[in-house]
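Working notes, beginning with the structure itself.
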Amino acid sequence: MTTLIIKGARVLGGQPADLLLQDGRIAAVGERLSATGADVLDAGGLVALPGLVDLHTHLREPGREDAETVETGSRAAALGGYTAVHAMANTDPVADTAGVVEQVWRLGQQAGLVDVVPVGAVTVGLKGERLAELGAMADSAARVRVFSDDGHCVADPALMRRALEYVKAFDGVVAQHAEEPRLTVGAQMNEGDLSARLGLTGWPAAAEEAVIARDVLLAEHVGARLHVCHVSTAGSVEILRWAKSRGVRVTAEVTPHHLLLTEACAGSYDPVFKVNPPLRTDADVAAVRSGVADGTIDAVATDHAPHAVEDKESEWAQARPGMLGLEQALPVVVETLVEPGLLDWAGVADRMSVRPAAIGRLTGHGRPLVPGEPANLLLLDPAARAVVDPAALASRSRNSPYAGRELPGRVVATFLRGTATVLDGKAQK
Ligand SMILES: [Zn+2]
């Protein structure tokens, strides 16, 4: 294994320091470090953060390798500064058995760019009818701790209660895609004045908020851990704030696109902006930003959702919902939270690494950058700005909602257990 000295990086935005990486760990942090035979990387002006952890990635393998594979998605993740991603279960076949989650986990190990952590389905085939083999997935080599039917809501309250009871036994968490399906039949965008004007069926905020309210009550009753995926409305933030004040074991995430974009994007009828839950209003964007700032929302999670061209470049109503996120998540957080002064670098590390790792019960990620810890980290140039070019992305898909937009912050390097997966902004394999 190589020995590397990173010179003059600002750990969590603090004073410049050197970091010595050796045998996959951080061996020392200090001034003017040296080691015989060590490679040296000049990190002057760069911010060092713990490797990011995504709670919500769609890698599409097995089943839709034309849209993304574990390898291409892992490369996109590394380029975004991630060292671990949770791979959602809505693959084909669905990740609802020990066999499928172990397959995804192995593919991640083979790619070797990030730790791929499989999410197990809550119900068999994501059908919402009966519980999947949660215990077998937890006991598998993939050691699943996060369970989600994401893409679908576990809408049946009795089934949701049973899932919460079941995962409690092994300290798992149910990650809910909060969408009351009876309220979103045929929904195309946020319900409001704009949807009425555009003539598109609306997806009301209440369809999300009703499920979150129900689930925090169930989580409180059962005493189990609940995680809420992609929170998108001001009302959801209020419910979460209330639940946390009562001591409910609930955590929540918001996506980069819900931090930056609004329903106004739908006015273009460009399906790249179609997503579930939909882009909301300016007031919702302000509320989710302050929810992240005050910690009511624990994590920024990408909901990276690659789609093949034929599934996305069609009329709005026929297009599949979802957008890419891994490669631009950190720049969007810099733009929406850091530059406006809502979050400092320690806060970014907390919401994008420390808390997501804790929610997923990962060891070795989301750790402080101090001697003895695994060398999972990224180096960011906060002063760099770049215009997003979908053709240049590592993802196999091209459905980036940020195409043509200038965003701040460039990930210069990413290290997974001391090995560079990204150097000078380029993937190393
Ligand atoms: Zn979802």
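The backbone N, Cα and C atoms fix where each Cβ goes, and this holds for glycine too.
TrEMBL annotations: computationally assigned, not manually curated.
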Same-site Zn(2+) 1 binder from Asp150, Asp156, Asp193, given that TrEMBL records His56, His58, Asp303: Asp150
Co-listed Zn(2+) 2-binding residue [TrEMBL; alongside Asp150, His230] among His177, His257: His177
Rounded Cα separation (Å) that holds between His230 (Zn(2+) 2 binding site) and Pro321 (substrate binding site): 13
Those binding-site residues in His58, Arg60, Asn90, His307, Pro321, Gly322 whose CB falls under 6 A of ligand 1, listed in sequence order: none
Around the Cβ of Leu59 (substrate binding site), the count of other Cβ atoms that are within 10 Å: 31
Residue among binding-site residues Asp150, His177, Asp303 with Cα closest to the Cα of Leu59 (substrate binding site): Asp303
Set of same-chain residues at least 6 away whose C-beta sits under 8 angstroms from His307 (substrate binding site): Ala67, Arg320, Gly322, Ser397, Asn399
